[in-house]
Amino acid sequence: MREAEIRRLLAANLLCALSIVLAAVVPAFFLDGFSILGTHLTWLCVCSVCVATLNIILHLVLKPNQSPKRRSFAHKISRFLKCCIYFFMSCILFHAIIVLYGAPLIELVTETFLFAVLLSTFTTLQCLCLLGPNIQAWIRVFSKNGAMSIWESSLQITSVCSILGAWFGAFPIPLDWDRPWQVWPISCSLGATFGYMAGLIIAPLWIHWNRKQLTYKSR
């Protein structure tokens, strides 16, 4: 396994982590009263846009999973539209799952949906950038020993860490601490964000330490 590829992955992941930090700091210079807790919905939008934009740019620049086949312009447009549809469907699906796990059904719909958008940005958008709108490839990657590159291994780790972070973030909500960050969905979205950032750092380190065992045979 080439060390240069692992360094590219580490650099890309650090940039994604940096985009989250900037999304929490930079808007305060332009928006009065901006804060992660005080204006959480605004932060959710800013964070989702920043992470999504950087992921797309990195994919276009690094081309980690570029197909050798030349695609027509019509095929690229069709692929882009499918990706948009899949992302929107992912937001709806995450929203439904979050409600089934106890989020308010009618109240705080905007908060729940924006949290679902954030989760989709951390998970589904990465799948779309790396694998495209190919459900079979998604199933392969998230199956046992299904990754075929270090980028797919990183995708596995960051996606799982994001979802676990959101799940663990829900634990403090029912406690009677009466803290501002216990308001729905602050703790869950912060948990998902910290989980995503942890996955971004853990993935290249884990791949580096296990590089001799990772052969990534073609299928």
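Using N, Cα and C of the backbone, Cβ positions are placed for all residues, glycine too.
Taken from TrEMBL as is:
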{"type": "TRANSMEM", "residues": "9-29", "note": "transmembrane segment"}
{"type": "TRANSMEM", "residues": "41-62", "note": "transmembrane segment"}
{"type": "TRANSMEM", "residues": "83-106", "note": "transmembrane segment"}
{"type": "TRANSMEM", "residues": "112-132", "note": "transmembrane segment"}
{"type": "TRANSMEM", "residues": "153-171", "note": "transmembrane segment"}
{"type": "TRANSMEM", "residues": "183-209", "note": "transmembrane segment"}
Most Cβ pairs under 8 Å with the transmembrane segment (112-132), selected from 9-29, 41-62, 153-171, 183-209:
41-62
Cβ-Cβ under 8 Å with the transmembrane segment (41-62): same-chain residues at least 6 beyond its ends:
8, 12, 15-16, 19-20, 22-24, 27, 31, 34-35, 110-111, 114-115, 117-118, 121-122, 125-126, 129-130, 189, 193
